[in-house]
Amino acid sequence: MKKLPEDFIFGGATAAYQAEGATQTDGKGRVAWDTYLEENYWYTAEPASDFYNKYPIDLELSEKFGVNGIRISIAWSRIFPKGYGEVNPKGVEYYHNLFKECHRRHVEPFVTLHHFDTPETLHSDGDFLNRKTIEYFVEYAKFCFEEFEEVNYWTTFNEIGPIGDGQYLVGKFPPGIKYDFAKVFQSHHNMMVAHAKAVKLFKDNGYSGEVGVVHALPTKYPYDPTNPEDVRAAELEDIIHNKFILDATYLGKYSRETMEGVQHILSVNGGKLDIPEEDYKVLEAAKDLNDFLGINYYMSDWMRGYDGESEITHNATGDKGGSKYQLKGVGQREFDVDVPRTDWDWMIYPKGLYDQIMRVVKDYPNYHKIYITENGLGYKDQFDEERKTVDDDARIDYVKKHLEVISDAIRDGANVKGYFIWSLMDVFSWSNGYEKRYGLFYVDFETQERYPKKSAYWYKELAESKEIK
């Protein structure tokens, strides 16, 4: 039987826009998602899980079920409704109250400054493609670092990679642009500059606590490891989703291999990446200052060589087999592999998490420590009305197998200090609405009642014994 360390964090993850609701309440400014959902979907993030009002219940459940850490994000537009300028005191008060309740319940808050929710005013002006947004973000970060002294763990961004991908490659995030690789890389780079500036400011000003970043790191494999085209496709996919942002985080520059891949993709698809020389100094100054890396991991992908046009079909319905992903000059994802997958065509491959952790350890030895900041199974949960619970054995099995490879990585020298299941309770899903559930606690979105799932009881026993069984 495998065990986890005594000081290991057994956490649950949330995000402001996916959990809080109250999207227009108490002075909160609009974000691009408000309009985008209203215009394109049959659902909105109102009231989501009503965490804005229900957080005392969720934190009480956390304490009761052994969850000793919680990922929370601050809604930038709840603090600065326009992203800059006048502060909203009710937003500040809300987060003080929330963090106070976390500590009262002995649940350590790991607080993210940006989780997919740039204020609408800045988003409509180019988001992070506009370099002014970098400076506005740093000012917002400085305000939070100074205001919320009760926070011990800060994360600048959640998933810089999927933000650029969602906005400019897949087109499922506002502004809904597809296949614009130049914007993808420019967004990634500019956000990494914003991260580096915020981290340097945190350390220069001597704030207490720790600061890091959360990256989504889906592992990429060649479908046929003996086929050079498949190997190259996996390398290029890895550069887009992982290596570009990891290089910026820990090398303070982009390796020759990374830039060759970027230039190849841009030469095939058009566009250019603009990196002022000053940016390299900013990245270099911060590369050793990250106290931790958060890794979000759900799946791996298998890549084939491909010489056609870009075409992505996003499976938002949970009808298995509805996905297509092929990129001009990069490769195509092969879904017909002997690996289980979710209804949303996400490949379930725990070894991919082990390989990704050990890749960070090997290639970026200045990583310091790792938290697995998101991992979990999206499922069409069947609520048992009589017993008021969900028998989510598939979720337990998924989490168990990923925790086992985390234990293996620790054994093999990786400094992994905690795990945050996505998600603490059921929350709103960006491109799936309310059907796709991840939580330990089932949320009846009509009544906002919470009900522990079978996985919550399993997680409680795990947190108490540290034994994976």
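Just so you know, glycine gets a Cβ as well, placed from its N, Cα and C.
Among the features that Swiss-Prot reports, active site, proton donor is placed at Glu159, with the record citing sequence analysis. Residue density at Glu159 (active site, proton donor): 25 other Cβ atoms are found within 10 A of its Cβ, drawing on all protein chains shown.
The active site, nucleophile annotation in Swiss-Prot covers Glu374. Mapped onto three states, the DSSP output places Glu374 (active site, nucleophile) in strand. Taking a C-beta cut-off of under 8 angstroms and a sequence separation of 6 or more, Glu374 (active site, nucleophile) has the following same-chain neighbours: Ala13, Arg71, Val214, Ala216, Gly294, Asn296, Tyr297, Tyr298, Phe420, Trp422.
If you look up Swiss-Prot, you'll see Gln18, His115, Asn158, Glu159, Asn296, Ser429, Trp430, Lys436, Tyr438 marked as D-galactose 6-phosphate binding site. Secondary structure at Glu159 (active site, proton donor), taken from DSSP and collapsed to helix, strand or coil, is coil.
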Among Trp430, Tyr438, the most crowded of the binding-site residues [Cβ within 10 Å]: Tyr438
Span of Gln18, His115, Asn158, Glu159, Asn296, Ser429, Trp430, Lys436, Tyr438 around D-galactose 6-phosphate - largest C-alpha separation, Å: 20
Distance, Glu159 (active site, proton donor) to Tyr438 (D-galactose 6-phosphate binding site) (CA atoms, angstrom): 18
Rounded inter-Cα distance in Å - Glu159 (active site, proton donor), Gln18 (D-galactose 6-phosphate binding site): 15
In the chain carrying Asn158 (D-galactose 6-phosphate binding site), residues 6 or more apart in sequence that have Cβ under 8 angstroms from it: Ala15, Ser73, Thr112, His114, His115, Phe116, Val214, Gly294, Asn296, Thr373
